[in-house]
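Record features, source Swiss-Prot:
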- 54-75: region 'Disordered' (REGION)
- 54-67: compositional bias 'Basic and acidic residues' (COMPBIAS)
- 97-122: region 'Disordered' (REGION)
- 109-122: compositional bias 'Basic residues' (COMPBIAS)
- 221-390: domain 'tr-type G' (DOMAIN)
- 230-237: region 'G1' (REGION)
- 230-237, 276-280, 330-333: GTP binding site (BINDING)
- 255-259: region 'G2' (REGION)
- 276-279: region 'G3' (REGION)
- 330-333: region 'G4' (REGION)
Amino acid sequence: MSKIRVYQLAKKLGISNKELIDKLKELSIEVNSHMSTVDNENADVLIELFTEQNKEETKPNVDEKPPNQDTLTDNVNESAESIQNVDKKHFKKEINSTKNVTPNGNNKKDKKKKNKKDKRKNYIANNDVSAESKGEQVIQLKNKLTVKELSETLNKSASEIITKLIGLGIMATINQELDYDTASIIAAEFGIEVEPMTDIDAEEDVFDIIIEPDKPEDLKHRSPVVTVMGHVDHGKTSLLDAIRKTKVTNSEAGGITQHIGASEIKVNDKKIVFLDTPGHEAFTSMRARGAKVTDVAILVVAADDGVMPQTIEAISHAKAAEVPIIVAINKMDKPSANPDRVKQELADQGLLIEEWGGDVISVPVSARSGENIDALLEMVLLVSEMSELKANPNRKAIGTVIEAQLDVGKGPVATVLVQNGTLFIGDSVVIGNTYGRIRAMMNDSGKRVKVAGPSTAVEITGLSEVPEAGDQLFAVDDDKAAKAIVEKRINKIKEEQLKAGQKISLDALFSQMEQGQLKDLNLIIKADTQGSVEAVKQSLVKLSNDEVVINPIHGGVGGITESDVMLATASNAIIIGFNVRPTSNAASAAKKENVDIRTYRIIYKAIEDIEAAMKGMLDPEFVEEELGKAEVRATFKVPGAGTIGGCYVIEGKILRNAKIRLVRDNIVIHEGSIDSLKRFKDDAKEVATGYECGIGISQFNDLKEGDIIEAYHMKEIER
C-alpha cells in the first residue's frame, strides 16, 4: 500500500483518531479527518515515534505485582477465540471482547487505557495485522444498501447506525437507501474497514453459459443475411422491391426509406434474408448496425451517378465488419449508364472487380425492368456457400433487434433477427435493458409462427419496454433470471446520471458559447421509432466541435412527456422531437420551467437549426403559436367531401384558416390545412372551447376516433 487512512493508522497504533490527527498536525502533516490518507514514509515515522514512547511507558514497575496467571490465561483464550471468529460480516475489534481486569480488581481509568494499548500492540506483534493481512477482514459493501442491510452487514443495531447518521447530519429511517461513500464513513466510525463489492454480475454468469462456443458436430447450415447498402436514391429499395415483387417505395415519404425492414425470399428452395437499411447519411448508425448482423453486403451503385459519399461510407462499414461485398450496378436501363466509370471509381476505393483482376463480384442490374435480378441472387448464394455459414439450432436463442417501436394495440414490439439457437413462444428473454416472455411471433408475411430458427427475422411481443435498436437478444432460463439481469443493468445506468445548471435554448446558444459558459449541449431526443432516435442522435453528434460537444443524454420512442421536461430541467437540455408532439402537461411544464422544445418532421431542419445556432446565425423571424385542440369523437363519410371528423374543442379555439396537424398517440400523422369547418350545417370561421364541430382536412381522409387536431399559425416576432 502506498498510503494508509488516518483511522487505520490510529487503530494500528492503539490511539484515538483525534490523538493521531493532533499529532500529525504537530508534525506539519496536513489531514482533515479520519478518512484522510497518510503516505507510508510519514506512517513509518509515526509508528517509530509511538513505539519509543510506548517503550518508556511500559517499563516494568518493580513495586507492581505480576498479574494473576488465571486472568492472563482467560485474556489470551478470549483473544485467540476473537481472532479465529473474524469474518467479513462480523468483524469486531478484539479489544472490545477482552475484559480489562487488574490483578487486585481495581478498575482505574489509566490502567484500563494502558491495558488496551498493550493488547493492541500484542495483537499487532503476535498476529502481524498489517495493512496487507487485513485484506481478509475487509467487509465488502454494495454501491447501494439500506440502513437495515448496513446494520446486518456490520453486525450493529439499526439504532446505532441511525445515531451515527444523525451525527453526520443525515436524518434516515431503517429502510432508507445509503450510497457507498456514506456507508463507508459509518463503518469507519465503528472502526471497521470496508471496500466496494466486486462480485460477478448475474448477467456475466448467465451470458458466459449462453455464449459458450458450439461443438462442431452441433453446427448446421444456415441461410445468409444480406444487407443492401449504397448512396441515397441509387435504387436500394427499388432493387429489393424487384426481388420481393412488392411496392414499398410508394409508401415511403419522399422515396427515402426511414425504417429498417427485414424480409425472406426463396431462391431454388434456398432462403435468403434481406435487411433493407436506409440509404441516407442521416441513418449511418442504422446502416452500421445492419453490417454487424449481415453475412453479405450488396452495394448498390447507380450506373449514371457513380460512387458517391455515402457509397464510400457503406464500403467502410462493410470492410470494418469484414463482410463480403457484391456490387450491383443499378439503373442499367438508362441511356446515360456508364458501368466502366463505376468500376474505375470502385477500384479507387479499393474494390477491384473480378473482371479487372480483383475478387469483388459485380452484377449489372435494372430494378425497373428486372434485368439480371436472378443472376444477382445466384451470386449471393454462391458467396454465402463459400463463407460456410453455420449455426446451432439446438440451443437458447441469440439475436439482434433490427427495429423496435410502441404499438397501440400490441405494446412494445421488436423486429428481431435470430442469429443462433432457436426462439420459441414462451421463452424468457433479455434485450438490452428490457426483458419479457415471448407472447407472439410474426414472420415478414404477417403470419404467426411458434418457432424461429437461425437466420429468421420475426416480430416479437411480450416485452416490458421498447428495446434499443441494435440491442442483443438472449433467451434465459426464466423470468426471474431475466429480471435480475435487467435490474443490475438499470442500476448501473441510474448511478451515472443527473446534472443541473442554467437553462439553455437554441436562441441563446451562440452567446453562451462566446462567453465560455457552455461546453456541452445536452439534448433529449424523442421520435416515433427507435431507429429514428438513433439516426437523429448520430446526425446531431457529428455537429460537435472544439467549443461545444453535442451530448444526447436521453433518447426514447413516443411523445414528449412531462418527465422528459423534468429531465431537461435537471440536465439543462434542449428537447428535440422527430415526428412526435409534446403532451398538454409537457407543454405547460416546458413553459413554466423555460425548457426549449423543438419539433421537426424533417431531419435536415433539425441539423440546420443547431448548426446555425452554433454559428450564431439563428435568428428566427417566425414562431409557432398554438391556437387550439380538438378531439375527434366520431367520423362520417360524406360523398364529394371525404371523411369528416365530428370533433369537440378541448382547448383554445379552431380557426377556419389555421394550419393543422393530426396527432395520433402523440405521433404526428399528417400536417396540412382545414378544408371545411362547420357548426351543425353552417360554415364557421372559428369554434371555441367546449363546442362541437365538423372538421374536414384538405387531402386527408384517414381520420380515427381519439385523434387530436392541433390548430396553429406562424407568428412573426420582433428581432
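Cβ from N, Cα, C; glycine included.
Swiss-Prot feature annotations superimposed on the structure.
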residue	record	DSSP class
GLY230	GTP binding site	strand
LYS236	GTP binding site	helix
MET332	GTP binding site	coil
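For ASP233 (GTP binding site), the count of additional Cβ atoms within 10 Å of its Cβ stands at 17 [all protein chains shown]. Ranking the binding-site residues GLY230, MET332 by C-beta neighbours within 10 Å puts GLY230 at the top. With a 10 A radius on its CB, LYS236 (GTP binding site) counts 27 other CB atoms from all the protein chains.
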